[in-house]
Amino acid sequence: MNADFVAARKLLSVKETNALKQCIWKPGERERLDSFVQILKSKPAFDKRNLVDISRPETLHVTFNATYEALKLRDELSLSPTEFMELMSLFVNDFSVALHEKAFVPVIESQGSDEQIAKWKPLYSTYQMIGCYGQTEIAHGSNVQRLEATATYDKKTQEFIMNSPREESYKFWIGNLGVTANTCLIQAQLYIDGKNYGPHLFVTPIRDMKTHNVLPGVIVGDIGAKVLGAYSTVDNGFLGVKNVRIPRENMLNRFSNVTPDGNYVPPVHPKLSYGSMLTLRANIVAGFGKSLAKAATIASRYTTVRRQFAAPTDRLTGVERQVITYPGVAERIAPAVATAYAFCVIGNQMADEFRIFSDELLQKNTKRLPDLHIKSSFLKVLTTTECAMMVEDCRKALGGHGMLQQNGVGTILGSIIPSQTYEGENYVIAQQTARDILRYARRVYNDGGLLNVPDKYGYFRSARKTSNEYGTGDPAEVKEYLSNPRILIRLLESRVRNNAFKLLDKIKHDPAAQGAEPDLARYSMDTMILTRAHAEWHVGREMFRKAQTVLELNLPLQVYLLFVLNRSLAELLEQGGGLAPAGASIIRELFSEAVARFSPKLIAYTDAFGFTDYELNSSLGRYDGNVYANLLDTAKNHNAVNKEDYKKDVLRLRAAFASKSRL
């Protein structure tokens, strides 16, 4: 065991570590995952080295084999669908039937009627029906209302005729569609007697359930390799349909329906169709905190082991410094660990809220839908943007070894980067949150209407600020004042409020923005700034509340709040931003001091995440710190290139040009 690790792990007690684990995992969840890891490590099909140095077609074969073995384990161990997903995700995050479980089944069970679920569950639970969720098209993604695929009702036959009117209407990027799925849940415009009733969901067979041959009228295939080698285990596909007929009963009809004679029965809430996107966004928010936690664990461990250059005080002894002791490294890695805790806390809250919402939705109770839609949007924007940036920072902190696949962080980065555009491009969905914020900001801005502001926008309950508030007076007193997390959250409140009022001012004085509902697409940079400010306030507030009962969260809370504020000083120093110029240097100083207190404890705090070496799959992030021996062993003994003979190639090249010397 690395001596630096031994010392660092003593900085948190077992009791403190367990308290932190309970912020990350549900009761019994971590123990269950640990037992699954032991099972997978004993099965050759789940050796992660099987996925190294192979082509993409070979990758899919390996993943299919692992999925087959996992399904056998599911039956042997009587695992629930959730437990099966947990087990398989320990091997790879996305696999042969991942979107069947993550999207297809949840959407059917939330938006299908009881009769439809009873009909299809025996098929999809046994993988006779393997499904995918077909929303995104070549020419349309975030704008669901303008999707082009059509479902035209034929009263005579009581069937829907499914069509992709042009190539731009083809479904594209659909996970598990390329080679795996035999059924696609197609989001298509419903037409009855020439009238468009908007997008609805249609269960559409695309491959024969017995032979897996493509059905008539269906054009389907895989879209090809993705950048960074990301999602190589998933067959993202394209789909076109030409006059494919499906029964009337194949439109998901828990909330809306078409009667046999062609009458449309609308849903109780016009945006119930967004429920399927909520399912996917809730999964993103709940899962990405753990993805960041993995990257931060690897970076914390490696930068603790890695030593580079001696400090001036150690030049005589020649002892080199731990890389994590350099502020330029610590001030990137410590915020990543703190943010991972914050996102795990908020992700668990989101998962709990979504479970309640799903249960209520089955009873056609849509009360939570508007707020949950907004919350899932702004949290999706923040978590995906922040995780992509911070995981890349973790990768760069690994130095040259950050370019090796075996470091483990690159794989995480490849899976996170696309999340900024799937399930709603971040700059587009940021406008949805901003629009809702501005509704309340306008009331306060125009008439000071503070009484009707809900808790989710509680920062508007304070009187509108027109001058700087924090940072004036005796520096020592200001520093003590700004060390209080409550005050830091008030600064985050001022930041959101000021950004909202600034945007209202901008719209008010824009001649092209006059009218009842301004086009926020004209201000997409402003709406992104406002949405992120709101999201960071929300996350900070919720982490603060959690830290009142889990005291061990107070240090990462301090780092998180000061990191966000330090990065946002330009906004805070503007008129009405809440901070006087003298306060800016104090915020920077407090941030550096908080990181200095947190950095020695990063090993202990990342240990509390509980990830096994199998999950991290990293030569550089090993629990025992034995990184260099493992790095070299992997390069020497688990590298396909070193098992091939290239002598003929090299000698042929040399022989061909030996007589053509240019000397």
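Cβ atoms here come from the backbone N, Cα and C positions, even for glycine.
Remember, TrEMBL labels are computer predictions, not curated facts.
Remember, predicted model here, so these are calculated numbers, not experimental data.
Annotation note: E423 (active site, proton acceptor) sits in a coil segment as assigned by DSSP. According to TrEMBL, the active site, proton acceptor annotation covers E423.
Within 10 Å of the C-beta of G175 (FAD binding site) there are 23 other C-beta atoms, taking all protein chains into account. Positions annotated as FAD binding site by TrEMBL: T136, G175.
Annotation comment: TrEMBL describes 30-130 as domain 'Acyl-coenzyme A oxidase N-terminal'.
If you look up TrEMBL, you'll see 274-437 marked as domain 'Acyl-CoA oxidase C-alpha1'.
As a whole-number mean, the pLDDT of the domain 'Acyl-CoA oxidase C-terminal' (485-646) in this prediction is 91. The domain 'Acyl-CoA oxidase C-terminal' annotation in TrEMBL covers 485-646.
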Whole-Å Cα distance, G175 (FAD binding site) to E423 (active site, proton acceptor), is 12
Those residues of the chain, 6+ apart, with a Cβ under 8 Å from that of T136 (FAD binding site): K171, F172, W173, I174, Y422
Secondary structure tally of the domain 'Acyl-coenzyme A oxidase N-terminal' (30-130) (DSSP, helix then strand then coil): 75 helix, 0 strand, 26 coil
